[in-house]
Amino acid sequence: MALSRKQKYLFVKFLALFTLVRWYNIFLITFALYLSAIFLINPKENWLEVSLSYKLHLTIASLAFFIMAGYIINAFYDFEKDIINRPKETIFDRVISKTSCLRAYGIFILIGFILSLLVGWEVLVFNTIFSFSLWFYSHKLRKKPIAGELGASLLTIAPFVSLTIFYLETNLTVILYIGYLFAVTLTREVIKKMVYLKGDLIVGEKSLPIIMGIRKTKYIILGSMLFSLIPVGVLFPDIVNRYILYYFIISSSLIAGSIFLLKFSKTPTHFDRINTIYKVIILMGIFSIPLI
């Protein structure tokens with residue numbers, strides 16, 4: 001049976017919302033959280049017992065809804081800049097009204113709260129703070145140099161911290177791996193400011209390269225790149241006989257290559273190449289978690 005015009009519109013609207021919440025990122029984060037729960041936080045437990053825990057599924061599902069809500073509210077506040085930096089990807093104004101965006105945001109937040117409550121008060125409290133932080137970042141913090149990049153990086157690692165709260169345990173490997181992820185994410189956040197400099201200039205946003213200049217910002221990126229190697233060095237004695245060592249060898253080589261590229265980078269296209277390398281480093285890091 002052929003779809004009516006209204007049904008087609010609703011279907012396109014659903015697809016647009018699916019794109020707006022960046023389903024591919026949600027999938028990767030969810031996948032990374034499951035791998036972390038099984039191989040990073042509970043390496044000595046039976047993987048089947050860990051994966052069959054319904055509270056683990058509720059915790060990760062609640063985080064997924066909060067993160068989707070975060071993407072929606074971030075797009076809501078960041079629309080003017082996104083239409084300049086990513087015109088082909090910014091479609092929610094044409095298909096999804098701002099009212100619909102806010103309605104979806106509220107629904108996702110509510111579902112996240114309910115799922116968190118079913119897990120326990122510790123997770124509920126942390127996820128409530130996480131949800132508020134996502135809104136505060138989108139509304140205020142993202143426009144502030146340095147604080148915006150630090151905020152985005154902290155929010156990236158927050159779901160993994162929520163898992164450690166759920167299990168009420170952690171270890172040095174978990175802390176160092178999360179620290180490594182934070183440093184890599186921070187580097188990429190600053191690099192993205194260089195890539196999307198044009199949009200910041202047009203909308204009048206005072207980003208790091210606009211205030212400090214490209215040359216000084218490159219030094220900050222360099223410092224962040226070198227800082228990300230510190231957790232690797234501390235972890236080295238414990239991973240020297242593990243397969244995860246190969247990931248860190250490859251990622252450290254990519255970081256070294258990025259440092260070389262950084263020296264000669266001048267245009268957004270040049271910085272976007274480094275941004276792509278860091279995407280690969282993060283993606284490889286997710287799939288390498290079972291090797292720890």
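Here the Cβ of each residue, glycine as well, is placed from N, Cα and C on the backbone.
Taken from TrEMBL, the feature transmembrane segment applies to 21-41 (among others). Using a Cβ-Cβ cut-off under 8 Å and counting only residues 6 or more beyond its ends in the same chain, the transmembrane segment (21-41) has close neighbours at 47, 50-51, 56, 60, 63-64, 67-68, 71-72, 108, 159-160, 163-164, 167, 169-170, 173-174, 177, 283, 286, 289-290, 292.
Taken from TrEMBL, the feature transmembrane segment covers 56-79 (among others).
Residues or ranges marked as transmembrane segment by TrEMBL: 100-117 (among others).
Marked as transmembrane segment by TrEMBL: 174-191 (among others). Distant neighbours of the transmembrane segment (174-191): 40-41, 148-150, 152-154, 156-157, 160-161, 164, 208, 217, 220-221, 224-225, 227-228, 230-232, 234-235, 271, 274-275, 278-279, 281-282, 285, 292; these residues of the same chain sit at least 6 beyond its ends, with a Cβ under 8 Å from one of its Cβ atoms.
For 219-237 (among others), the entry in TrEMBL reads transmembrane segment.
The list of residues near the transmembrane segment (243-262) in space but at least 6 beyond its ends in sequence, with Cβ under 8 angstroms from a Cβ of it, reads 218, 221-222, 225-226, 228-229, 232, 235-236, 270, 273-274, 277-278, 280-281, 284-285, 288, 291-292. Among the features that TrEMBL reports, transmembrane segment is placed at 243-262 (among others).
Per TrEMBL, transmembrane segment is recorded for 274-291 (among others).
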Same-chain residue ranges lying at least 6 outside the transmembrane segment (100-117) that approach it to Cβ under 8 Å: 13, 17, 20-21, 58-59, 61-63, 65-66, 68-69, 72-73, 75-76, 92, 123-124, 127-128, 131
